[in-house]
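According to TrEMBL, the domain 'Calcium-transporting P-type ATPase N-terminal autoinhibitory' annotation covers 5-49. Taken from TrEMBL, the feature domain 'Cation-transporting P-type ATPase N-terminal' covers 116-184. Annotated transmembrane segment per TrEMBL: 172-190, 202-220, 354-375, 395-425, 886-904, 919-937, 958-983, 989-1009, in sequence order. Sequence annotations record features per position, and here TrEMBL assigns domain 'P-type ATPase A' to 235-333. Positions annotated as domain 'Cation-transporting P-type ATPase C-terminal' by TrEMBL: 838-1012.
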Amino acid sequence: MESYLNQNFDVKAKHSSEEALEKWRNLCGVVKNPKRRFRFTANLSKRYEAAAMRRTNQEKLRIAVLVSKAAFQFISGVAPSDYTVPEEVKAAGFDICADELGSIVESHDVKKLKFHGGVDGLAGKLKASPTEGLSTDAAHLSQRQDLFGINKFAESELKSFWVFVWEALQDMTLMILGVCAFVSLIVGIATEGWPKGSHDGLGIVASILLVVFVTATSDYRQSLQFRDLDKEKKKITVQVTRSGFRQKLSIYDLLPGDIVHLAIGDQVPADGLFLSGFSVVIDESSLTGESEPVMVNAQNPFLLSGTKVQDGSCKMLITTVGMRTQWGKLMATLTEGGDDETPLQVKLNGVATIIGKIGLFFAVVTFAVLVQGMFMRKLSTGTHWIWSGDEALELLEYFAIAVTIVVVAVPEGLPLAVTLSLAFAMKKMMNDKALVRHLAACETMGSATTICSDKTGTLTTNHMTVVKSCICMNVQDIANKGSSLQSEIPESALKLLIQSIFNNTGGEVVVNKHGKTEILGTPTETAILELGLSLGGNFQEERKSYKVIKVEPFNSTKKRMGVVIELPEGGSLRAHTKGASEIVLAACDKVVNSSGDVVPLDEESIKYLNVTINEFANEALRTLCLAYMDLENGFSPDEAIPASGFTCVGIVGIKDPVRPGVKESVELCRRAGITVRMVTGDNINTAKAIARECGILTDDGIAIEGPVFREKSQEELLELIPKIQVMARSSPMDKHTLVKQLRTTFDEVVAVTGDGTNDAPALHEADIGLAMGIAGTEVAKESADVIILDDNFSTIVTVAKWGRSVYINIQKFVQFQLTVNVVALIVNFSSACLTGDAPLTAVQLLWVNMIMDTLGALALATEPPNNELMKRLPVGRRGNFITNAMWRNILGQSVYQFIVIWFLQAKGKSMFGLDGPDSTLMLNTLIFNCFVFCQVFNEISSREMEEIDVFKGILDNYVFVVVIGATVFFQIIIIEFLGTFASTTPLTIVQWIFSIIIGFLGMPIAAGLKMIPV
């Protein structure tokens, strides 16, 4: 079976081809209810629609760009546009309407933009200030929202409970049984009168309704869980200026006229126009499919919603929001396309198909055997031409039994159990600070064999402070010195240092609306800006004193950032750079000495500074070097900032403590067979010190630098990669190469963490991409499968634990359901063949179906994880889903249950002294009761597939306890009080005890089976 499934029902956890998705759909036969079975699979037709929309956008934008280029050339000769402001817009105090704004950006219409006075003119017409932003007055914002719309996309409405009831009724077998019930009612009432003749028909109707309502309730609750998770996925905040203050705002609260601050890795939250900024490069592929990035500046100011900032930073003016943007229309189609189905969903669809075909065959044969037995009886009595109402009802009952065998045999609940388990796990993981973006990641994480983790913010706290410095060749302990450091630095050097800190930064020092000073930016930038403030610097004064000519933001390839400023005295230019100490120091040929003078950087000084860097790094400090250069030969903003010839001002050591609990989590991973590797851009000595502290770097592991790793041949990598525990000074491509090698060459299941834009390729390549929720950019989050909301490594281990829990829970449910399938099939089939009668009626089989399907899934697929899970080795990439241990348990239990039921059929009457007209009914009731109690105790045994103690932690899972309790309670009701409808009769206390003992005996047998090695 496993090889058939791998051949035909095998899809990847991510990036599956459309052919693979189509293939398994076409192979799915014997589907009782397609609407329910395929509810959580991707809608391929909607995806083709979205792809067509992207192609249209690409063509539109291509034409728009060509037109705008032509317009630039002829702009002076253009006649003014004949735009008229609508009356309601005028009345509201604005001079432009939403449609006009939308057409300017979407069509890249330079002519219209020029007519409206450029970007500043549009801001005026929108009554927005490019410096102060919108007013925070609620009435003003509400009026603006009414006129220009909200920044939300149209979403499909949440289905009501009754829609799920209707979908559950679409089950073909239930519809056939409904028809049987209707005919049974008519024939029964016609022959036996009301109410006696209606019992069989009403029993089937009541059973169908119970199945439908229980199924619909379960499905409805799942849909609510997914809706809640969808809302969490879409929570994105941006930096906005309102009433002159920078603040974080949800993208859904943005309005035309808002001033938004964008940085590298951000997603453009709405259509708008570039106001000011540097080196802005936009990736429009998500909207247009075009991979070539676009430069955005004052000449080409158009920014489109949904595109990503690949480089640079800027301020933008929002012009169009929500469904008026192309991204809004595309998203509405994309959301209908749905997520890819997970590998387990597809595999279990395959299992359901195989067993469904077997069940259908058995059902047809059972019906044929029962009908043939009836004909033989009538032939022997010579009444084959004469049919009574009772015989018609008997024939109908045979047909109902055959249909019900199909109901029980087709395990429609298998693929849906995956979704139920995943929905439950995703909801719980959300509480544990992990937001799952793609369903498949949940189950794949359970198979992970390697975690490649970032250092900063994941293994460490990301609360950074400068604790040591080497400024003007003097090493100082800032943690102890405090503000006295200022007096120990020569005045000229102090001025240079403050100039460098406040001008060459991606952060900002602002005064918030409460009048308090607040530092915005990454933790590294915050730490350096705090140092600048402690040295007596004033951020606003420094920024006003110098004109910025060019900014090169930090990126993980260059490992440094730079700025060129114009000095007020004489207009001369100066470049500042800061970044990885070795890299910036290598670009320096001079240094500021202890007197504040600039002197050549000789070998002794280089050696001293390198020793200082290594000392800082060995204390687990991040080191950054700050340097400057006077550009005496002039500089053009189109040129790159020089890469060498700098003067070293100083080196700072930044403390970023290891997170509490990380060492224990790494040790837990090691015991669970998961290798943890650290991949960082930091200095190798810093990385090694932190890795040792976390327990990642062991005596038999090695630490390597990215540039060294890059140079290795494939043969060398084969030997090297298994030993690598730390990779320092790595570039994004080094990370990508390591992940690819681990996945393809070593067949590992790899989880990778990332927070920056450049981590996107590695996150995309990995089996599970984990983005950081706090430090992560929108680009990284978009490429990830799971977002770690608290940026904590311990949360990643929790995700792995939940992943294993999902995988094992589904295995438990499959084991339980297949046992019930096998026994119900064989009992009814063999009994029909040998005795001409089926001991389990249609109503009873429907009840059994509900126990094993919806209720079984609820009980077993929602088991919370325990620490024992992390003591097992991971499944890896090649593990069989239905293991030998599962087959052993299934076959062992099936044989036991089959023997018990056959024994009762053969010897039951004599054993319990049953005789008289009701003896067969009494025996069949006893068989039904024993069969159900076998399933109840087998469900408890299924909690553990290998362990003998199945009661451990049973009370922690209240769902399981409630399901078992409800099953027993309703079984008593069915036997004792609903006999007329369920074809049962009340049992004696001895028969009840016998049924429970027979069920319970399955547990020691299950324990014995677990001791058989496989």
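Note: Cβ is positioned from N, Cα and C throughout, glycine not excepted.
Because TrEMBL annotations are produced automatically, they should be read as predictions rather than curated entries.
Secondary structure of the domain 'P-type ATPase A' (235-333) per DSSP (helix as H, G, I; strand as E, B; remaining residues coil): 18 helix, 48 strand, 33 coil. Sorting the domain 'Cation-transporting P-type ATPase N-terminal' (116-184) by DSSP state (H, G, I as helix; E, B as strand; all else coil) yields 40 helix, 3 strand, 26 coil. Nonlocal intrachain contacts for the transmembrane segment (886-904), taken as residues 6+ away from its ends with a CB within less than 8 angstroms of a stretch CB, comprise 811, 814-815, 818-819, 822-823, 826-827, 830, 839, 911, 923, 926-927, 930-931, 934, 938, 941-942, 945, 998, 1001-1002, 1005-1006, 1009-1010, 1012, 1014. With a threshold of 8 Å between CB atoms, the same-chain residues lying at least 6 positions outside the transmembrane segment (172-190) that come near it are 32-33, 196-202, 204-205, 208, 211-212, 389, 392-393, 396-397, 399-400, 403-404, 406-407, 410, 842, 846. Within the model, the domain 'Cation-transporting P-type ATPase N-terminal' (116-184) shows a mean pLDDT value of 84, rounded to a whole number.
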